[in-house]
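Engineer: Reproduced below are the annotations present in TrEMBL:
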- 42-240: domain 'Cytochrome b561' (DOMAIN)
- 42-63: transmembrane segment (TRANSMEM)
- 75-95: transmembrane segment (TRANSMEM)
- 115-133: transmembrane segment (TRANSMEM)
- 145-167: transmembrane segment (TRANSMEM)
- 179-202: transmembrane segment (TRANSMEM)
- 214-239: transmembrane segment (TRANSMEM)
Amino acid sequence: MPPNFNDLSPPERIDVVEAPKDNVVTQEIVPSNVGIKAVRSFATLLTHILIGIIVGVSLFFSLRNGTPLGATPQHVILCVIGYQFLMAEAILTLAPDSWVASLSLKHRRWVHTGLQIIGSILAIVGSFIKMADKEVNFNTLHGKFGLAAVVFTSVSLVNGCASLYAYELRKCIPGILSKLTHICFGTVAFVMASVCLCYGIDKGSFRNALSTRFADSLIIMTGTLTTIVIINPLLTFYVKFSGAIKN
Ligand code: HEM
């Protein structure tokens with residue numbers, strides 16, 4: 001498979017360090033810009049903490065009354081695990097210094113694809129469970145953003161395949177086009193899901209189950225998580241777009 005993904009991270013410098021006592025030669029990897037790497041690694045750590053809190057609290061909210069689960073708890077569990085856990089992690093796999101940074105680009109793309117497919121299916125099923133449970137649909141901002149997230153997720157899932165096989169499909173669709181639209185649709189889907197979640201957290205049931213202050217903090221955490229997660233796709237989009245314009 002052709003290497004059709006731009007890795008924005010600078011190449012590593014490998015220094016050979018002589019061990020004086022036993023004459024064994026070891027290799028030490030010295031990053032070329034330690035500061036940027038430290039900031040990126042810290043952002044990755046912060047992201048995982050935020051994902052843990054947001055998903056954990058949503059699971060607590062959904063499971064607090066025990067089983068059997070009604071339509072709303074099922075809906076919340078599937079949507080939050082789909083969007084804020086699996087889809088966020090899927091986007092992060094392609095960022096430098098992510099949790100799969102030690103894998104090759106080809107394998108990171110497979111991890112990304114797998115997480116995106118599972119996350120999208122869970123999120124779409126979770127959304128449809130609640131749509132089917134309602135008599136009047138899309139009459140709230142929460143529902144409207146949820147619908148937008150479902151639409152963009154579905155499109156992103158389809159053209160993600162085109163992006164994965166961009167080289168093979170280059171005669172039907174220019175590779176750069178499938179990649180740019182995939183980044184665009186995927187990022188919009190994730191942002192729509194986050195806005196939708198904020199309106200979900202803002203609902204009376206959620207605020208009553210936790211506290212108003214904690215719900216507000218969770219909304220701020222969702223905004224912070226979303227911002228960190230979309231930084232790399234936006235940078236990649238900029239690099240690819242400006243490259244396409246120059247060529
Ligand atoms: C990423 C997270 C979420 C997504 C993508 C999402 C998406 C959706 C969708 C698509 C609908 C159907 C709208 C309609 O047919 O009119 C809906 C309805 C609903 N959701 Fe969520 N939801 C999420 C999180 C939550 C959370 C955390 C709660 C917690 C209370 C919640 C509670 C509800 C309720 C009560 C409804 C029915 C009332 C309404 O439409 O506003 N959802 N959601």
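Just so you know, glycine gets a Cβ as well, placed from its N, Cα and C.
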Engineer: Any residues 6+ beyond the ends of the transmembrane segment (75-95) with a Cβ under 8 Å from its own?
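Structural biologist: Residues 5, 40, 44, 47, 51, 54-55, 58-59, 61-63, 69, 108-109, 111-112, 115-116, 118-127, 129-130, 133, 146, 149, 153, 186-187, 189-190, 193-194, 196-197, 200, 222, 225, 229-233, 236.
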Engineer: Any chance you could find the range in 42-63, 115-133, 179-202, 214-239 with the most Cβ pairs under 8 Å to the transmembrane segment (145-167)?
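Structural biologist: Comparing 42-63, 115-133, 179-202, 214-239: 179-202 has the most Cβ pairs near the transmembrane segment (145-167).
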Engineer: Taking contact to mean 3 or more CB pairs closer than 8 A (sequence separation of 6 or more), are the transmembrane segment (214-239) and the transmembrane segment (42-63) in contact?
Structural biologist: yes
